[in-house]
Each structure stands twice: as C-alpha cells, then as structure tokens.
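Peer 1: Let me give you the structure first, and then I'll get to my questions.
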Amino acid sequence: KQFTKCQLSQVLKSMDGYKGVTLPEWICTIFHNSGYDTQTIVKNNGKTEYGLFEINNKMWCRDNQILPSRNICGISCNKFLDDDLTDDVMCAKKDLDSEGIDYWLAHKPLCSEKLEQWLCEEL
C-alpha cells in the first residue's frame, strides 16, 4: 500500500513520543526509507530490508535468504509488506529499544530538525 503522510500519521499515532521520538521524526524517517510504500524491498550490504521501516532479514525477521537470522521479532519478513502495520510497529519499537532511532540512517541527517513539513495538519 502506498500511504500518504496524513494516513500514516493517523495509523502511527501510538508511536508519537515513544522513547522520545516524535511522530514527525518517524514520518520523515519512513519517507526517506521507503517513500511510505509497504511493498518496499531493498538489498543492502548482503541483507534484505522490508516494508515501511526497512526491517532487515539479518537481525529482525526471517526469510529464506539468510540462514540463520537472529529473527528478534519472531516473524516472517513478508509480514512487513502487507497493509496491516501492527506487526511492523511492534518490530520497529523493538528495533528502537535495542538500537535507537539513529539505527535508521536517514534520521540523523534528514529528520532531526525542521520537522514542520512532516506534520499532518488534519490531525
């Protein structure tokens, strides 16, 4: 599914303020990772990254490419490609708990200041 900024802001409201990360920071980071498209798959340094949050198959989810995956989220990577973001959010929070927001490389250079453009006026 291709989300808009406002659709995604609505769905991800529960992430606002989690571990000190604001919703606009998430919206910006997701935009730079996946362009708000749940079908995103990126091959990167021998890993494959899935979905809005670019969750990878080396640490967080399992697919049939890398054996063994640590599979910290205990889930198939393909679950991050569907329209239900519940499991994506759960795994992204685990990722954040473990690694911090700068684990998403777009965050620090692109999403740590001047965040007004990432707010949804409709909320």
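Backbone N, Cα and C define each Cβ position, glycine as well.
As annotated by Swiss-Prot, domain 'C-type lysozyme' applies to 1-123, with the evidence given as sequence analysis. Here Swiss-Prot flags CYS6-CYS120, CYS28-CYS111, CYS61-CYS77, CYS73-CYS91 as disulfide bond. As annotated by Swiss-Prot, Ca(2+) binding site applies to LYS79, ASP82, ASP84, ASP87, ASP88.
Help me picture where these features are in the structure shown.
Peer 2: For the domain 'C-type lysozyme' (1-123), the model gives a mean pLDDT of 95.
Of all Cβ atoms in the protein chains displayed, 15 besides its own lie within 10 Å of the Cβ of CYS120 (disulfide bond).
Cβ neighbours within 10 Å of CYS28 (disulfide bond), excluding its own Cβ and spanning all shown chains: 22.
Around the Cβ of CYS77 (disulfide bond), 25 further Cβ atoms fall within 10 Å across all displayed protein chains. Under the DSSP three-state reduction, CYS77 (disulfide bond) is assigned to helix.
Neighbour list (CYS91 (disulfide bond), Cβ cut-off 8 Å, at least 6 residues apart, same chain): PHE53, ILE55, TRP60, CYS61, ILE72, CYS73, ILE75, PHE80.
In this structure, ASP88 (Ca(2+) binding site) is part of a helix by DSSP. Within the same chain, residues at least 6 positions away in sequence whose Cβ sits under 8 Å from that of ASP88 (Ca(2+) binding site) are THR38, GLY51, LEU52, PHE53, ILE55, LYS79, PHE80.
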Peer 1: Relative to the Cβ position of ASP82 (Ca(2+) binding site), how many further Cβ atoms are located within 10 Å?
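Peer 2: Taking all protein chains shown, ASP82 (Ca(2+) binding site) has 14 Cβ neighbours within 10 Å.
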Peer 1: Run through the domain 'C-type lysozyme' (1-123) and tell me, per DSSP, how many residues are helix, strand and coil.
Peer 2: 54 helix, 14 strand, 55 coil
Peer 1: Within a 10 Å radius around the Cβ, which one of these disulfide-bonded residues has the most neighbouring Cβ atoms: CYS6, CYS61, CYS73, CYS111?
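Peer 2: When each Cβ's neighbours within 10 Å are tallied, CYS61 tops the list.
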